Amino acid sequence: MSVRKLSALSLSIGGVPLIPSVSLVAAANGESRDCHGTICHPVNEFCYVATERCHPCIEVCNNQTHNYDAFLCAKECSAYKTFEPLKAEMLDIQNTQQLILLLLTILLVLIALRCAFQFLRWLIGNRCFQKLMRRLQSKAYPHPATANGKDLNATTIQNLNAINHPGSDLERAQSQIYSVAGAAEGSVVTMTTPVSTRYPAENSTTPTTVMTEIGYGYDNQAMVVTPVSEKPSAATIPVAF
């Protein structure tokens with residue numbers, strides 16, 4: 001099969017070829033030529049009759065050198081002339097493929113991140129997931145229970161009567177105020193001693209106190225409290241004219 005009869009296979013998207021014309025190179029590699037015991041490269045070399053050795057095609061096909069020979073290039077290096085223009089195209093295709101691969105990788109990463117974000121939003125809003133998280137938290141951090149077995153950290157208390165019921169320790173005694181003999185004069189008394197009959201709380205053995213008929217008092221008699229029974233009534237007070 002001749003190299004010239006091979007047609008290049010190509011696939012393009014938007015005018016950019018993705019599969020280079022490699023069928024020509026593959027066919028040429030199968031037609032290696034023997035040059036007096038030496039195998040020449042099927043594309044880049046030819047058997048030069050003058051030297052009986054493999055000679056590079058670039059020397060006779062490059063018009064910028066003094067060894068340029070158009071007839072010899074067309075006869076012996078036809079595969080080289082066909083393949084050489086494709087090198088730049090193949091290089092562009094490789095660069096394009098690398099760029100496409102990079103863009104696809106970035107796109108897949110963005111899609112994966114978006115899917116993960118949507119899944120987390122759905123998972124947080126799911127009631128089953130919230131119940132599962134509450135159970136895990138209750139197992140990891142158990143709340144201390146009260147003496148009667150009720151959990152005060154719970155959202156509800158099942159037995160409200162456990163806090164306030166008849167006969168419980170939480171019941172408070174009612175405050176009581178009793179009237180005594182001095183209440184008529186406007187004195188409010190407590191459970192023990194009327195306000196009007198309270199006396200200084202000094203020790204009677206100190207030198208600053210003097211024993212009196214009431215029991216004890218100050219050295220200054222004007223500071224001694226007069227008992228209620230000895231207070232003069234309104235009838236005995238003389239009226240000044």
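Keep in mind that glycine also has a Cβ here, set from the backbone N, Cα and C atoms.
Swiss-Prot records N-linked glycosylation site for one of Asn63, Asn153, namely Asn63. Of the cysteines Cys40, Cys73, Cys77, only one is given by Swiss-Prot as the disulfide partner of Cys54: Cys40.
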